[in-house]
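Scroll down for the structure; my scribbles are underneath it.
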Amino acid sequence: MVLHSHQLTCAGIAFALCLQHLISAIEVPLDSNIQSELPQPPTITKQSVKDYIVDPRDNIFIECEAKGNPVPTFSWTRNGKFFNVAKDPKVSMRRRSGTLVIDFHGGGRPDDYEGEYQCFARNDFGTALSSKIHLQVSRSPLWPKEKVDVIEVNEGSPLSLQCNPPPGLPPPVIFWMSSSMEPIHQDKRVSQGQNGDLYFSNVMLQDAQTDYSCNARFHFTHTIQQKNPYTLKVKTKKPHNETSLRNHTDMYSARGVTETTPSFMYPYGTSSSQMVLRGVDLLLECIASGVPAPDIMWYKKGGELPAGKTKLENFNKALRISNVSEEDSGEYFCLASNKMGSIRHTISVRVKAAPYWLDEPQNLILAPGEDGRLVCRANGNPKPSIQWLVNGEPIEGSPPNPSREVAGDTIVFRDTQIGSSAVYQCNASNEHGYLLANAFVSVLDVPPRILAPRNQLIKVIQYNRTRLDCPFFGSPIPTLRWFKNGQGNTLDGGNYKAHENGSLEMSMARKEDQGIYTCVATNILGKAEAQVRLEVKDPTRIVRGPEDQVVKRGSMPRLHCRVKHDPTLKLTVTWLKDDAPLYIGNRMKKEDDGLTIYGVAEKDQGDYTCVASTELDKDSAKAYLTVLGKAVLPVLIYLIIWPPERPDRPRDLELSDLAERSVKLTWIPGDDNNSPITDYIVQFEEDRFQPGTWHNHSRYPGNVNSAVLSLSPYVNYQFRVIAVNDVGSSLPSMPSERYQTSGARPEINPTGVQGAGTQKNNMEITWTPLNATQAYGPNLRYIVRWRRRDPRGSWYNETVKAPRHVVWNTPIYVPYEIKVQAENDFGRAPEPETYIGYSGEDLPSSPRYLRIRQPNLESINLEWDHPEHPNGVLTGYNLRYQAFNGSKTGRTLVENFSPNQTRFTVQRTDPISRYRFFLRARTQVGDGEVIVEESPALLNEGECRAAPASTWLPPPTTELTPAATTATTTAIPTTETPPTEIPTTAIPTTTTTTTTTAASTVASTTTTAEMAVAATTKQELATNGSSIWDIRAWANSNWANITWSHNYSAGTDFVVKYITSNKTEKSIPVKAQTPSSVQLANLTPGMVYKLWVFPIWSSPSEHSYITFTTSSAYTKNHVDIATQGWFIGLMCAIALLVLILLIVCFIKRSRGGKYPVRDNKDEHLNPEDKNVEDGSFDYSDEDNKPLPNSQTSLDGTIKQQESDDSLVDYGEGGEGQFNEDGSFIGQYTVKKDKEETEGNESSEATSPVNAIYSLA
């Protein structure tokens, strides 16, 4: 049988206190309550480095932190003089800290604050000093201007290119590159020295193929400065021939280069010396010339190179010895050799040392009347001198103290008294540096205090060794005594042994040792006591254990395990098979006093161990089970009688070992119902955040009935347990009693921090909030901080409770740095990580510079640039384009591109038609502004018709009756849906309908002004049914009058926006008036303008503009041509000619043309007609061909070409169609009704030819 004793110990603190008392003085415990009550001189806890180099672009922070009781106050000196922080508005000191902050956001020169700073921390018990902090501002001076001549050198000669970088602070990193920023290849022939120069052991012809520029990289400013490049000119005896070099075994002889013995380029001569400080790295360097390039070997005179500390660098030209010590001094030599000979250089190394500590002075805490000492021992080369200071002043000039004696590096204190507390500084210095250490002497008189918890309970098994702990503190150090049950005799001797750290040890606990023990700590200032209750328990014993058995297969053997234990302790019995936990399947049944196996099989054979345990001890017994024979009937009977079911619920939950962050949960398993329990699920519920909701805490194997649970602060826990077997889960156990943990500050910050705009002028910051087990305290809140992504930007903050905060009035799509920190009433979580978020996106501006090229008749190339203002993440581009030929338009094709694509090629099958392109950029918000361009007219196209002078607007999406002459198009789906003027009969999709706008200009030469008129008959409707129409522009050379009609409500203000052909944009607000008009002034003569009119509360549609052109500048002394006689005669002749042509045309039309005529005007062309596929037309009568600069209408009449610039509506325009590839299919019918001809009017300027056909 095995016994296991449990010993509860908490003597670590007391034992350490006792040892410290024996060795030196009093040690203050780490208990925060004690430390907050005791007076303590200042102690420097954090300071900046001695040589402090700062970035001139950032604010300067000189750190100085200290602790003490009372809290210390801080002051500074600069260059040995008092530094008045309050007088300088740029300098401030952090609250409850000595850290200086020098802020340059308002201007100022960091160079003005260079110098030597020292921090002083003071309270009532002394003054502590920081080291002297030498503050320097980083510098990256420019390279001095110099002219670098071409360097001529013979092939095979040595060469060094000097760098001489500007002296930066800290020194820059040097590297060599060509002027094209290609690194210079280095090897054992060409390499860079530690001084930055570039060395050539011998120059080869290929070295002249590039130039050489020295570059200096400055750490703080992250800048690289480049020196003017060197250019080499290599003189050679033979021209370069790669083939001869490859076939020759010796490259140098092939080049005609004389082979030479090595010689040193650096260092010079045969010997040199070098001094290095202890603890730093020593770098020795040898660079040699020679042909071929020599190899370098390193040796130490009289011994081996230091093992484990040496490293060869720069192609063996440099030897690095890390962390040099005095043993590394001596003579080192490098050997340079090639096949022509060898040479060596000796370097004498001397190791010096800045001061380093042997015994650094430590804080000293004494009781009144005690003795002590401070020791300050340092070493160095040369040996450092020791200087003592007290409270920052030389000890020689301090007030005399009879209890203090200075003896070199030691201060001895004898019979110290209250009031002798002070901070002593030890300064050890030599020519290579100094060390400064602070150590305070504090004289305390503190009454005794017991540090152990009150009323401890110690349980021990009878006859086992145990120990009662009673840690204590006081000054002077108290004496401690133990008593039992209030008796007056001190317990020490026999079965008891009292230790100086306060522990009472019993070699063997007996029943009569049970009782209450009292420890009493006493000094001259008082006494303190605590009680410990000891309970002695009966041991756990197995009185009848399992016995070895031999059974037949299929039988039901029983293994006994009867246990006797202390009734006040909870007993747990487990079984092992072959020293592993036994899986209690549905063929086994564990009972209080044994184990029964039903239908035993060969696999059940083995060692069975019964283990009985309590929280203090355990016992075990083992037996071997042997299985023989065959029998299956009992197993079948058992399975029929007792089928497996879900387990019963666990019961009797108990909490023990209560700690601040853990608790032990114990339960009694329920019956497994013939299916072994495989797992236990422990759940918890808390009553603050989600009362009544149970959460899974942890999962444990089915062979345990207790677990130590990890807990979170500030949670009122309640637990329950669920058993699981192969059939299912049991009902939950009854809940345990509640256990409340104390609060603490949060240890983690929220995760999933994101910043994204929901509107174009905001940024919504969201995060995953902390749950109930992460809050750690009451009043959980979040400190949200944000700033523009600029290190010099200011942080803004807001404290919220919800996991969301919206920042308003942000610029469009700019990055922000975001931090979210959790906080409760106990404090803040650690400093959070920084996340990057973006403010809201907006629609992008139009792509820039849409360029159209026609390299041939088969293709059109498009190129464009990204938008000037993306206003977000570009997700792509949308291109809509449409073929047109006069007033005929084809179906609209749509292409979508990735955000990186800025080129596209259109394959055209019809060389006659032109294309109109509408290009937009797209962000996640939607499509942005459109840029509209047309493919240029081909030469033969320009000869056939005049370019339209009007602005093209989308045709209506309507199928017109045969009497109508307007082309019909079907629009592609779009997000903008203005209502139509004519009922639409199109596919069931969202369509956009407007009317075609024809704008014409009428120019007349007068003595007053030249006017141009542009008009539109209708603009798109607003969502409330209001609209703007009849926009007209009367333009002069430098001004224009704009009028329009509308049915908006009275008092509606408008905006007139106009853009020149060179993309200059202006907007003019117009107050409500009748009639609606405005005059545009300061226009440019001869310029084309696009003009929109829209209500002030909306934005213009891309296609709702008109165009007008200002007239060219005129001369006022022009003669009125209308009054000239020759002009009147010319007009009469033209009128007569027109009349004759009209008569001839009328006669021709009466005879009829020989081109085919359709019976039904609306009938489409037969697909089998020839020339349909290529878009050509077959006229049998040559006399009926259209005149130049005219266009055949859908009904066969001749009319002026009309403007057709719309992309909003698309479809099969009247009888004219486009194939899917955009090619034109013409269908012409003979005009039978003169009224239809007259209905096809145009608002363009009338020419003599057009006048003829308008009258026909």
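Just so it is clear, glycine is given a Cβ too, placed from its N, Cα and C backbone atoms.
Of the candidate ranges 734-757, 830-853, 854-877, TrEMBL annotates residues 734-757 with the feature region 'Disordered'. Record note: among 27-46, 107-126, 487-506, 967-986, 967-986 is the stretch given as region 'Disordered' by TrEMBL. Taking pairs at least six residues apart, the domain 'Ig-like' (448-537) and the domain 'Ig-like' (355-442) share three or more Cβ pairs below 8 Å and count as touching. The stretch with the most CB contacts under 8 Å to the domain 'Fibronectin type-III' (749-842), chosen from 42-138, 144-231, 262-350, is 42-138. The domain 'Ig-like' (42-138) makes contact with the domain 'Ig-like' (355-442): 3 or more of their CB pairs lie within 8 A, with pairs spaced 6 or more apart in sequence. Break the domain 'Ig-like' (448-537) down by DSSP state and the numbers are 3 helix, 50 strand, 37 coil.
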